[in-house]
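Contents: one structure, followed by commentary.
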Amino acid sequence: MSKKIKQELENNKLSKRLRHAVGDAINDFNMIEPGDKIMVCLSGGKDSYALLDILRRLQASAPIDFQLVAVNLDQKQPGFPEEVLPTYLESIGVPYKIVEEDTYSTVKRVLDEGKTTCSLCSRLRRGILYRTAKELGCTKIALGHHRDDILATLFLNMFYGGKLKAMPPKLVSDNGEHIVIRPLAYVKEKDLIKYAELKQFPIIPCNLCGSQPNLQRQVIGDMLRDWDKRFPGRIESMFSALQNVVPSHLADTELFDFVGLERGQSLKHGGDLAFDSEKMPERFSDGSEEDESEIKIEPQKAERKVINILANKPKACGA
């Protein structure tokens, strides 16, 4: 097999993997519904480009109709190439809106030199994007955060915030007016890097926040990448943990009624027996099979009807 053919096969595998990962996330969290108008927030980075590209491909084949509109917030950063995004979006035929708001000057004026800008910048952006979604009549706001972003947020909150809290794949805004979705929730960052190279997206670097030294999120990201190299499967296992939460074996008295526990009461996921049910590899080092008596902890899902976004559009009569 020639090197060129082998590379083409790898590229096809990557595209299918990303499509299915995004489709699975959309299905699992019911992110997209018939008639939705989705505002895709486009920053000019690899993640948001990939998000828009994959959603466009799903839109073309999905069994439901939904609209996409790309929105970019021009924060008036010095040297920002204003022509890049309009040129790209017009070339692929996606409706778009460029919102011009000088948040850069606000952040620089309010914060002392050397302070990280992410928190304030994020709050300013969020308010502007919510307002824009309302003006455009959008029903959903799609952000480009991926699996690694979600895990990084989990560790940031544990290390610096004292909370067991990550970044949800789907949420309702504080004012209750907007639904925010993260269709890349199941996607690995390293796959997005490869996809950006494959698609040759016109990447725009963020000089406002990406270049800040000693950024806590960057440190956490480096830690996760190091773990991924040295301990294959660890990142996947950690993300799986976010989908398999056992409140009775944590220590949050608001999440679980420890005070009301009584003898003879059975717990949904077991009492002390749950400590014996740590998931082991499929085969032990001696080659023996895993103990079938292991207690399986499965997430509980609400009963609901969800349209499979990965299914094909129904063919017209006579087609």
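A Cβ is built for glycine as well, from the same backbone N, Cα and C atoms used for every other residue.
Keep in mind it's a predicted model, so treat the numbers as computed, not measured.
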(message) I'm validating the feature mapping. Which of 43-48, 289-294 is tagged motif 'PP-loop motif' in Swiss-Prot?
(response) 43-48
(request) Provide the three-state DSSP residue tally for the motif 'PP-loop motif' (43-48): helix first, then strand, then coil. (result) 3 helix, 0 strand, 3 coil
(request) Average the per-residue pLDDT over the motif 'PP-loop motif' (43-48) and send me the rounded value. (result) 96
